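> Take a look at the following structure, please.
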Amino acid sequence: MSELSPSSPAHDAELSAYARLVRRRIVLIGALCLLMTAAMLFDIATGPSNLPLSDVLTGILHPGALDAPSRVIIWDVRLPYALMATLVGAALALAGAEMQTILNNPLASPFTLGVSSAASFGAALALVMGLSLPLLPVGWNLPVFAFILAFGSVLLLQMLASLRGTGVETLVLFGIALVFTFNALVALVQFVATQEALQQLVFWSMGSLARATWDKLGVLALVLLATTPFSLAASWRMTALRLGEDRARSFGISVRRLRFLALLRVSLLAATSVAFVGTIGFIGLVAPHIARLLVGEDHRFFLPASMLTGAAIMSLASVASKTLVPGALLPVGIVTALIGVPFFVVLVFSRRERL
Amino acid sequence: MAPPALRIEGLSAGYGRRRVISDLSLPAIEGGGVTALIGPNAAGKTTLLRSLAGLVPARGSIRLDEVELTRLSVAGHSARVAYMPQALPQRVALTVLEATLSALMSSPDGASDVAEAQSRALRALERLGISDLAMRGLDELSGGQRQLASLAQSIVREPTVLLLDEPTSALDIHHQLRVMQFVRELAEERGIIVVIVLHDIAQAARYATRVVVMKQGAVAADGPPDAAITPAMLADVYKVAARVERCSHGFLQIMVDRALDEAGVQARSVAPPST
Ligand SMILES: Nc1ncnc2c1ncn2[C@@H]1O[C@H](COP(=O)(O)OP(=O)(O)OP(=O)(O)O)[C@@H](O)[C@H]1O
Ligand SMILES: [Mg+2]
């Protein structure tokens, strides 16, 4: 076979073609950043009380310059809801992207292995059975229960799967078993619930940003800050895992460990999100797909692009939830698909070639 | 420097309770040559290769010079051994160059410098004659192109032991010859150990320096091509009546006349029609 020297023209041409590809991806990620920021500002500026964006910006930069009611609207409603939308969108999308890679399944989402069913059961226990933990501030009982169940279910899953040895199939099978178990348990609790508790539970499981507070934002931001660096540090290994498990292991990657740690991150992100805003489907499934179409599966670009896409879709969904039915704030979980699907379809049809 | 040598002694490997290879030993496999591993379906070729790569739990001893490979972790293996799986990944949104790059960047012993890794990855593609595919997505390649891309991911690691599981099964005849020629040159140039699983016996005869024939998890024949590939072996292992002859160019040629049934006599169902 032909032996070309490292500095042959062909070699240089390919290297610069790759450099162009990398540049294009960085530009795309920059564009997604702008889109996300624009969507968030749009979200902040949208609401039943007509505050123009200029007032909102003034309210954020110089809180003293506005009257008290406007200040309250901006600081206690608009900002926390909008930031929660962004953070939850990013968290669910990152969780979905990692889940799709480690399960080697483009149909996986953060909730594939039962995280949201377990969280619903936790919420049901707190709402219907009135279980509570001591020492928790008001408003934290339900999310903490939801989180404990969600995270605990993943640990249980890991334990079961490791008893049986490695393998994605085992993990997915046990995950599906957990989904059915928790759904049955939730149904059981619903069966004995009072009318009022039942309604609360149904509303909770729909997913709503109206539960956002600054404390919860802080916790979710911390979880994102604590997990994202590890996700990014694992990005080459995740990329290699796309080439197959044997291949990745032959590169010296401990696939079992990689999968375990990724699943831990996914469950932390998904459980925290579910606990604070309820189940928001679809983002974790479709944001990674959009990111994949835009930048491919080099996880150095794929993971950030997923997060930004998820955040942008979630902000737009939040805008839609405020404007679709005038005067009413729809649960955002209901509109995410309405916003995400057109986005997705346009992108699928507009790609001439797939990367 | 003496070429590296791989010694396999009393090797047993399998899946769960199922033992595929039991107590297999081979005289040392030395660097600088190409060892072809042939045998019928389910003989255990892939299992042997995967246990050499540390991907199947194995008992017994696999020594690379002074290092006992069975005691090493996957990371320990990857520094010395590269393995090309028989199966190719499906629906992967990575370019050929990115996939090759990830073979270096994801590895604990791989490159840490992206620029240098890019150069190495590109050189590997050039050596296989597929640098024009560098920017193409893996999921838009033909089966054969995908196989060449997969081969690139193995050779780019510049291992001491190169294990290839049917690397030419999807290639046209031109590319088969080029890949075999390339593998042979690589072994001679770098003095590395190459073990390659093949189904094409004529190609094993032509390019390998040594042929190991497997049958039901054991070694049925082992030696230089003209010693290992004989009509008796073909009848015993492959259940075919065949002639092995040297053609006018000096290559071994295998002419298969008919399939035999278990007892070694002509099978009726697949015999050529009589005129
Ligand atoms: N993952 C597995 N689990 C259980 N048994 C397996 C597994 N992989 C292979 N086997 C069994 O091990 C035996 C040897 O298989 P192996 O893949 O090593 O054969 P091979 O010689 O590579 O065959 P082929 O030429 O068809 O690739 C077969 O009987 C097969 O059924
Ligand atoms: Mg095989």
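Using the three backbone atoms N, Cα and C, a Cβ is placed for every residue, glycine included.
TrEMBL lists these features:
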- A:26-45: transmembrane segment (TRANSMEM)
- A:79-99: transmembrane segment (TRANSMEM)
- A:111-136: transmembrane segment (TRANSMEM)
- A:142-163: transmembrane segment (TRANSMEM)
- A:170-193: transmembrane segment (TRANSMEM)
- A:217-239: transmembrane segment (TRANSMEM)
- A:260-286: transmembrane segment (TRANSMEM)
- A:301-321: transmembrane segment (TRANSMEM)
- A:328-349: transmembrane segment (TRANSMEM)
> Let me spell it out: take the transmembrane segment (A:79-99), skip the flanking residues so only those 6+ beyond its ends count, and list any with a Cβ under 8 Å from a Cβ in it.
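Contacts of the transmembrane segment (A:79-99) (Cβ under 8 Å, skipping residues fewer than 6 from its ends): 36, 40, 43-44, 60, 108-110, 112-113, 209-210, 212-214, 216-217, 220-221, 223-224, 227-228, 231, 238, 262-263, 265-266, 269-270, 272-273, 276-277, 280, 283-285, 287-288, 291, 299, 302-303, 306-315, 317-318, 332.
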> Compare A:111-136, A:170-193, A:260-286, A:301-321 by their Cβ pairs under 8 Å to the transmembrane segment (A:26-45) and return the stretch that comes out on top.
A:301-321
> Cβ under 8 Å to the transmembrane segment (A:217-239), counting only same-chain residues 6 or more beyond its ends: which ones?
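Sequence-distant neighbours of the transmembrane segment (A:217-239): 80, 83-84, 87-88, 90-91, 94, 98, 101-102, 248, 253, 258, 261-262, 265, 268-269, 272-273, 276, 297-300, 302-304, 307.
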> Restricting to CB pairs under 8 Å, which listed stretch, A:111-136, A:142-163, A:170-193, A:301-321, is in contact most with the transmembrane segment (A:260-286)?
A:142-163
